[in-house]
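Undergrad: Before anything else, here's the structure in question.
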Amino acid sequence: MRSVIAGTGGYLPGRSLTNDELAAEYGLDTSDAWISERTGIRRRHMAAPGETTADMAAAAAREALAQAGAGADEVDAIILATATPDSAFPSTAARVQEKLGIRSGFAFDISAACTGFVYALGVADSMIRAGQCRSALVIGAEAFTRILDWTDRATCVLFGDGAGAMLLRATEDEGQAEPRGLLSTHLHSDGRHGDILQVEGGVVRMAGREVFRHAVSKLASAVDEALAANGLAKSDVQWLVPHQANLRIIDAMGRKLGLPPERVVVTVDRHANTSAASIPLALAEATRDGRVGRGDLVLMEAIGGGLTWGAALARY
Ligand code: COA
(Lines of atoms letter the chains of each structure in order from A and count residues from 1; the text may use other names and numbers.)
(Lines give C-alpha, C1' and ligand atoms only; values in the text may rest on other atoms or scores of the structure.)
Protein backbone atom coordinates (compact mmCIF):
# COMPACT_ATOMS: atom_id res chain seq x y z
CA MET A 1 0.00 0.00 0.00
CA ARG A 2 1.18 3.55 -0.71
CA SER A 3 -0.37 7.03 -0.60
CA VAL A 4 -1.12 9.05 -3.71
CA ILE A 5 -1.71 12.82 -3.76
CA ALA A 6 -5.35 13.10 -4.83
CA GLY A 7 -5.82 16.85 -4.38
CA THR A 8 -4.34 20.02 -2.93
CA GLY A 9 -5.85 23.27 -1.70
CA GLY A 10 -4.86 26.57 -0.15
CA TYR A 11 -6.44 29.49 1.64
CA LEU A 12 -5.15 32.98 2.37
CA PRO A 13 -7.01 35.57 4.44
CA GLY A 14 -8.32 38.51 2.43
CA ARG A 15 -6.17 41.17 4.07
CA SER A 16 -2.65 41.53 2.65
CA LEU A 17 -0.12 44.11 3.90
CA THR A 18 3.04 45.30 2.16
CA ASN A 19 6.19 45.81 4.22
CA ASP A 20 5.53 49.56 4.25
CA GLU A 21 1.91 49.08 5.32
CA LEU A 22 3.00 46.72 8.13
CA ALA A 23 5.65 49.19 9.32
CA ALA A 24 3.12 52.03 9.34
CA GLU A 25 0.43 50.00 11.11
CA TYR A 26 2.70 48.76 13.92
CA GLY A 27 5.05 51.75 14.13
CA LEU A 28 8.11 49.65 13.18
CA ASP A 29 11.54 51.19 12.61
CA THR A 30 12.23 49.21 9.43
CA SER A 31 12.09 49.56 5.67
CA ASP A 32 10.88 47.63 2.66
CA ALA A 33 14.51 47.51 1.45
CA TRP A 34 15.82 45.94 4.71
CA ILE A 35 13.11 43.26 4.75
CA SER A 36 13.06 42.40 1.06
CA GLU A 37 16.85 42.32 0.58
CA ARG A 38 17.41 39.94 3.50
CA THR A 39 14.35 37.73 3.16
CA GLY A 40 12.62 38.24 -0.20
CA ILE A 41 9.41 39.09 1.70
CA ARG A 42 7.31 41.90 0.21
CA ARG A 43 3.90 41.28 1.76
CA ARG A 44 1.93 38.88 3.99
CA HIS A 45 -1.71 37.99 4.66
CA MET A 46 -3.31 38.48 8.06
CA ALA A 47 -6.31 36.63 9.46
CA ALA A 48 -9.34 38.80 10.15
CA PRO A 49 -10.43 39.31 13.77
CA GLY A 50 -12.40 36.22 14.72
CA GLU A 51 -11.04 34.18 11.79
CA THR A 52 -9.62 31.01 13.34
CA THR A 53 -6.89 28.56 12.35
CA ALA A 54 -9.67 25.97 11.89
CA ASP A 55 -11.61 28.33 9.57
CA MET A 56 -8.56 28.72 7.33
CA ALA A 57 -7.75 25.00 7.48
CA ALA A 58 -11.31 24.04 6.52
CA ALA A 59 -11.24 26.41 3.54
CA ALA A 60 -8.00 24.86 2.26
CA ALA A 61 -9.33 21.35 2.88
CA ARG A 62 -12.50 22.06 0.88
CA GLU A 63 -10.41 22.96 -2.16
CA ALA A 64 -8.29 19.80 -1.78
CA LEU A 65 -11.42 17.64 -1.57
CA ALA A 66 -12.99 19.37 -4.58
CA GLN A 67 -9.81 18.90 -6.64
CA ALA A 68 -9.78 15.21 -5.71
CA GLY A 69 -13.50 14.84 -6.46
CA ALA A 70 -13.87 13.47 -2.93
CA GLY A 71 -16.82 13.84 -0.60
CA ALA A 72 -16.49 14.39 3.15
CA ASP A 73 -17.53 10.75 3.68
CA GLU A 74 -14.31 9.60 2.01
CA VAL A 75 -12.04 11.15 4.68
CA ASP A 76 -10.79 8.63 7.28
CA ALA A 77 -8.25 10.85 9.03
CA ILE A 78 -7.44 14.54 9.51
CA ILE A 79 -3.86 15.25 10.51
CA LEU A 80 -3.24 18.95 11.03
CA ALA A 81 0.09 20.63 11.69
CA THR A 82 0.00 23.95 13.50
CA ALA A 83 1.93 26.03 16.02
CA THR A 84 -1.12 28.26 16.47
CA PRO A 85 -4.01 25.95 17.43
CA ASP A 86 -7.27 27.65 18.35
CA SER A 87 -7.22 25.88 21.72
CA ALA A 88 -5.23 23.19 23.55
CA PHE A 89 -8.25 20.99 22.99
CA PRO A 90 -10.32 20.18 21.11
CA SER A 91 -7.59 19.91 18.51
CA THR A 92 -7.82 22.19 15.50
CA ALA A 93 -8.13 19.00 13.43
CA ALA A 94 -11.28 18.00 15.34
CA ARG A 95 -12.74 21.46 14.74
CA VAL A 96 -12.04 21.04 11.02
CA GLN A 97 -13.74 17.63 11.12
CA GLU A 98 -16.84 19.33 12.51
CA LYS A 99 -16.73 22.19 9.98
CA LEU A 100 -16.47 19.76 7.06
CA GLY A 101 -19.34 17.62 8.34
CA ILE A 102 -17.13 14.52 8.65
CA ARG A 103 -18.73 12.03 11.03
CA SER A 104 -16.26 9.14 11.06
CA GLY A 105 -12.55 8.45 11.32
CA PHE A 106 -10.16 10.35 13.59
CA ALA A 107 -8.49 13.77 13.81
CA PHE A 108 -5.46 15.11 15.67
CA ASP A 109 -2.86 17.91 15.60
CA ILE A 110 0.89 17.74 15.16
CA SER A 111 3.33 20.18 16.74
CA ALA A 112 6.59 20.52 14.83
CA ALA A 113 6.59 24.28 14.07
CA CYS A 114 7.59 25.11 10.49
CA THR A 115 8.42 21.45 9.78
CA GLY A 116 4.88 20.48 10.78
CA PHE A 117 3.59 19.70 7.30
CA VAL A 118 6.50 17.37 6.49
CA TYR A 119 5.91 15.62 9.84
CA ALA A 120 2.17 15.36 9.13
CA LEU A 121 2.91 13.86 5.71
CA GLY A 122 5.24 11.33 7.32
CA VAL A 123 2.63 10.30 9.90
CA ALA A 124 -0.23 10.14 7.36
CA ASP A 125 1.82 8.14 4.87
CA SER A 126 2.91 5.67 7.57
CA MET A 127 -0.70 5.20 8.72
CA ILE A 128 -1.91 4.62 5.18
CA ARG A 129 0.90 2.12 4.51
CA ALA A 130 0.03 0.34 7.77
CA GLY A 131 -3.64 0.07 6.74
CA GLN A 132 -4.86 2.28 9.60
CA CYS A 133 -6.76 4.53 7.18
CA ARG A 134 -7.57 4.59 3.45
CA SER A 135 -7.38 8.36 3.06
CA ALA A 136 -6.05 11.30 5.03
CA LEU A 137 -6.49 15.05 4.87
CA VAL A 138 -3.08 16.47 5.69
CA ILE A 139 -3.25 20.14 6.61
CA GLY A 140 -0.87 22.91 7.64
CA ALA A 141 -2.66 25.96 9.07
CA GLU A 142 -1.39 28.98 10.96
CA ALA A 143 -2.53 32.26 12.46
CA PHE A 144 1.09 33.19 13.16
CA THR A 145 0.49 36.94 13.32
CA ARG A 146 -1.34 36.27 16.63
CA ILE A 147 1.90 35.12 18.35
CA LEU A 148 4.23 37.91 17.26
CA ASP A 149 5.81 40.60 19.42
CA TRP A 150 5.12 43.74 17.38
CA THR A 151 8.00 45.54 19.10
CA ASP A 152 10.54 42.93 17.91
CA ARG A 153 11.24 44.15 14.37
CA ALA A 154 13.75 41.36 13.64
CA THR A 155 10.99 38.73 13.95
CA CYS A 156 7.55 40.27 13.43
CA VAL A 157 8.22 41.22 9.80
CA LEU A 158 8.90 37.60 8.80
CA PHE A 159 5.58 35.80 9.29
CA GLY A 160 2.07 35.59 7.82
CA ASP A 161 -1.19 33.62 8.08
CA GLY A 162 -2.77 30.98 5.85
CA ALA A 163 -3.52 27.30 5.34
CA GLY A 164 -2.76 24.54 2.87
CA ALA A 165 -4.15 21.02 2.53
CA MET A 166 -3.58 17.77 0.70
CA LEU A 167 -5.78 14.69 0.36
CA LEU A 168 -3.82 11.43 0.38
CA ARG A 169 -5.49 8.25 -0.89
CA ALA A 170 -4.34 4.66 -0.43
CA THR A 171 -3.48 2.78 -3.58
CA GLU A 172 -2.10 -0.71 -4.15
CA ASP A 173 1.63 -0.80 -4.75
CA GLU A 174 1.94 -2.84 -7.94
CA GLY A 175 5.71 -2.61 -8.14
CA GLN A 176 5.69 -0.03 -10.95
CA ALA A 177 9.07 1.29 -12.10
CA GLU A 178 7.98 4.87 -11.33
CA PRO A 179 5.26 4.60 -8.69
CA ARG A 180 3.10 7.65 -8.02
CA GLY A 181 2.55 9.11 -4.57
CA LEU A 182 4.74 9.65 -1.55
CA LEU A 183 8.08 7.90 -2.05
CA SER A 184 9.54 8.61 1.39
CA THR A 185 9.60 11.07 4.26
CA HIS A 186 12.59 11.86 6.47
CA LEU A 187 12.01 13.45 9.88
CA HIS A 188 14.58 14.86 12.31
CA SER A 189 14.79 16.88 15.49
CA ASP A 190 17.47 18.06 17.90
CA GLY A 191 16.07 19.47 21.14
CA ARG A 192 19.44 20.91 22.16
CA HIS A 193 18.73 23.88 19.87
CA GLY A 194 15.23 24.51 21.18
CA ASP A 195 15.93 27.99 22.47
CA ILE A 196 17.08 29.57 19.18
CA LEU A 197 13.50 29.54 17.84
CA GLN A 198 10.74 29.25 20.42
CA VAL A 199 7.48 30.65 21.72
CA GLU A 200 8.19 32.22 25.08
CA GLY A 201 5.66 34.26 27.02
CA GLY A 202 3.19 33.72 24.19
CA VAL A 203 5.35 35.24 21.43
CA VAL A 204 7.97 34.04 18.94
CA ARG A 205 11.60 34.58 19.91
CA MET A 206 14.28 33.87 17.34
CA ALA A 207 18.05 34.09 17.09
CA GLY A 208 17.93 34.74 13.34
CA ARG A 209 21.58 34.19 12.49
CA GLU A 210 21.76 30.92 14.44
CA VAL A 211 18.63 29.62 12.74
CA PHE A 212 20.04 30.59 9.35
CA ARG A 213 23.29 28.74 10.07
CA HIS A 214 21.47 25.50 10.94
CA ALA A 215 18.97 25.82 8.09
CA VAL A 216 21.25 25.47 5.11
CA SER A 217 23.29 22.51 6.41
CA LYS A 218 20.38 20.56 7.89
CA LEU A 219 18.14 21.02 4.86
CA ALA A 220 20.97 19.98 2.55
CA SER A 221 21.52 16.76 4.50
CA ALA A 222 17.78 15.95 4.58
CA VAL A 223 17.57 16.42 0.81
CA ASP A 224 20.59 14.17 0.23
CA GLU A 225 19.03 11.56 2.51
CA ALA A 226 15.70 11.62 0.60
CA LEU A 227 17.40 11.24 -2.78
CA ALA A 228 19.72 8.45 -1.58
CA ALA A 229 16.81 6.53 0.00
CA ASN A 230 15.14 6.36 -3.42
CA GLY A 231 18.25 5.85 -5.55
CA LEU A 232 17.58 9.19 -7.25
CA ALA A 233 19.95 11.92 -8.42
CA LYS A 234 19.57 15.67 -8.01
CA SER A 235 18.86 15.88 -11.73
CA ASP A 236 15.75 13.67 -11.29
CA VAL A 237 14.01 16.36 -9.19
CA GLN A 238 11.56 18.37 -11.29
CA TRP A 239 10.20 20.70 -8.62
CA LEU A 240 11.50 21.96 -5.32
CA VAL A 241 8.63 23.00 -3.06
CA PRO A 242 10.48 24.25 0.02
CA HIS A 243 9.27 25.70 3.29
CA GLN A 244 9.04 29.44 2.64
CA ALA A 245 11.05 31.13 5.38
CA ASN A 246 13.60 33.14 3.50
CA LEU A 247 14.48 33.53 -0.17
CA ARG A 248 18.20 33.25 0.52
CA ILE A 249 17.71 29.79 2.06
CA ILE A 250 15.39 28.76 -0.78
CA ASP A 251 17.89 29.94 -3.42
CA ALA A 252 20.72 28.09 -1.68
CA MET A 253 18.72 24.85 -1.82
CA GLY A 254 17.80 25.40 -5.48
CA ARG A 255 21.49 25.91 -6.31
CA LYS A 256 22.46 22.80 -4.35
CA LEU A 257 20.05 20.76 -6.47
CA GLY A 258 21.22 22.45 -9.68
CA LEU A 259 17.64 23.51 -10.43
CA PRO A 260 16.90 26.59 -12.56
CA PRO A 261 14.92 29.22 -10.59
CA GLU A 262 11.72 28.48 -12.55
CA ARG A 263 11.73 24.93 -11.08
CA VAL A 264 11.62 26.24 -7.51
CA VAL A 265 8.16 27.19 -6.25
CA VAL A 266 8.39 30.52 -4.39
CA THR A 267 5.59 32.21 -2.47
CA VAL A 268 7.61 33.83 0.34
CA ASP A 269 7.51 37.17 -1.49
CA ARG A 270 3.70 37.35 -1.18
CA HIS A 271 2.94 35.07 1.80
CA ALA A 272 6.00 35.59 4.07
CA ASN A 273 6.65 32.62 6.40
CA THR A 274 3.35 30.84 7.09
CA SER A 275 5.11 28.09 9.08
CA ALA A 276 3.38 24.70 8.68
CA ALA A 277 1.11 26.12 5.97
CA SER A 278 3.84 27.24 3.59
CA ILE A 279 4.58 23.99 1.70
CA PRO A 280 0.96 22.97 1.02
CA LEU A 281 0.09 26.59 0.10
CA ALA A 282 2.96 26.65 -2.41
CA LEU A 283 1.99 23.24 -3.79
CA ALA A 284 -1.66 24.29 -4.12
CA GLU A 285 -0.60 27.38 -6.07
CA ALA A 286 1.70 25.41 -8.38
CA THR A 287 -0.93 22.74 -9.11
CA ARG A 288 -3.71 25.30 -9.59
CA ASP A 289 -1.71 27.21 -12.22
CA GLY A 290 -0.66 23.98 -13.96
CA ARG A 291 3.07 24.10 -13.20
CA VAL A 292 3.16 20.86 -11.21
CA GLY A 293 1.32 18.00 -12.89
CA ARG A 294 0.94 14.24 -13.04
CA GLY A 295 4.17 12.27 -13.03
CA ASP A 296 6.32 15.16 -11.75
CA LEU A 297 8.88 14.40 -9.04
CA VAL A 298 8.47 16.93 -6.22
CA LEU A 299 10.90 17.47 -3.37
CA MET A 300 9.68 19.16 -0.19
CA GLU A 301 11.91 20.28 2.70
CA ALA A 302 11.48 22.31 5.88
CA ILE A 303 13.18 23.41 9.09
CA GLY A 304 11.64 24.98 12.17
CA GLY A 305 11.53 25.32 15.92
CA GLY A 306 12.55 22.31 17.94
CA LEU A 307 14.80 22.30 16.08
CA THR A 308 12.90 20.10 13.68
CA TRP A 309 13.66 19.48 10.02
CA GLY A 310 12.90 17.02 7.29
CA ALA A 311 12.21 16.24 3.65
CA ALA A 312 9.63 14.38 1.59
CA LEU A 313 9.73 13.11 -1.99
CA ALA A 314 6.56 12.55 -3.99
CA ARG A 315 5.66 11.71 -7.57
CA TYR A 316 2.46 13.47 -8.54
N1 COA B 1 14.46 46.45 10.00
C2 COA B 1 15.59 47.13 10.09
N3 COA B 1 16.66 46.72 10.81
C4 COA B 1 16.52 45.55 11.45
C5 COA B 1 15.35 44.78 11.40
C6 COA B 1 14.29 45.28 10.64
N7 COA B 1 13.11 44.62 10.51
N8 COA B 1 15.53 43.68 12.14
C9 COA B 1 16.77 43.73 12.64
N10 COA B 1 17.38 44.85 12.23
C11 COA B 1 18.73 45.31 12.52
C12 COA B 1 19.27 44.73 13.80
O13 COA B 1 18.86 45.50 14.89
C14 COA B 1 20.76 44.81 13.56
O15 COA B 1 21.18 46.10 13.82
P16 COA B 1 22.59 46.40 14.54
O17 COA B 1 23.62 45.81 13.61
O18 COA B 1 22.60 47.86 14.63
O19 COA B 1 22.51 45.68 15.84
C20 COA B 1 20.91 44.56 12.08
O21 COA B 1 19.61 44.81 11.51
C22 COA B 1 21.34 43.14 11.74
O23 COA B 1 20.54 42.24 12.48
P24 COA B 1 20.69 40.71 12.32
O25 COA B 1 19.61 40.03 13.11
O26 COA B 1 22.10 40.30 12.56
O27 COA B 1 20.35 40.57 10.77
P28 COA B 1 20.60 39.37 9.79
O29 COA B 1 21.44 39.85 8.67
O30 COA B 1 20.97 38.11 10.48
O31 COA B 1 19.12 39.16 9.19
C32 COA B 1 17.27 37.67 9.44
C33 COA B 1 18.08 38.81 10.04
C34 COA B 1 16.16 37.31 10.41
C35 COA B 1 16.64 38.18 8.13
C36 COA B 1 18.19 36.48 9.14
O37 COA B 1 18.97 36.19 10.27
C38 COA B 1 17.42 35.25 8.75
O39 COA B 1 16.84 35.20 7.70
N40 COA B 1 17.47 34.20 9.59
C41 COA B 1 16.73 32.98 9.36
C42 COA B 1 15.35 33.20 9.85
C43 COA B 1 14.42 32.11 9.47
O44 COA B 1 14.42 31.65 8.34
N45 COA B 1 13.58 31.74 10.41
C46 COA B 1 12.52 30.83 10.23
C47 COA B 1 12.99 29.45 10.19
S48 COA B 1 11.57 28.45 10.11
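Every residue gets a Cβ built from N, Cα and C, even glycine.
So TrEMBL lists the following for this protein:
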DOMAIN    108-191  domain 'Beta-ketoacyl-[acyl-carrier-protein] synthase III N-terminal'
ACT_SITE  C114  active site
DOMAIN    227-316  domain 'Beta-ketoacyl-[acyl-carrier-protein] synthase III C-terminal'
ACT_SITE  H243  active site
REGION    244-248  region 'ACP-binding'
ACT_SITE  N273  active site
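Explain the structural surroundings of these features, please.
TA: In this model, the domain 'Beta-ketoacyl-[acyl-carrier-protein] synthase III N-terminal' (108-191) carries an average pLDDT of 96.
Listed in sequence order, A83, H243, A245, N273, S275, A276, S278, A302, I303, G304, G305, T308 are the same-chain residues at least 6 apart in sequence whose CB falls under 8 Å from the CB of C114 (active site). When secondary structure is read from DSSP and collapsed to three states, C114 (active site) falls in the helix class.
The 10 Å shell around the Cβ of H243 (active site) contains 32 further Cβ atoms across the protein chains shown.
Tertiary proximity for the region 'ACP-binding' (244-248) is limited to same-chain residues at least six positions away from its ends with a CB under 8 Å from its CB atoms, namely 38-41, 114, 158, 212, 215, 266-269, 271-274, 278-279, 281-282, 303.
Secondary structure at N273 (active site), taken from DSSP and collapsed to helix, strand or coil, is strand.
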Undergrad: Give me the count of other Cβ atoms within 10 A of the Cβ belonging to N273 (active site).
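TA: I count 22 other Cβ atoms within 10 Å of it.
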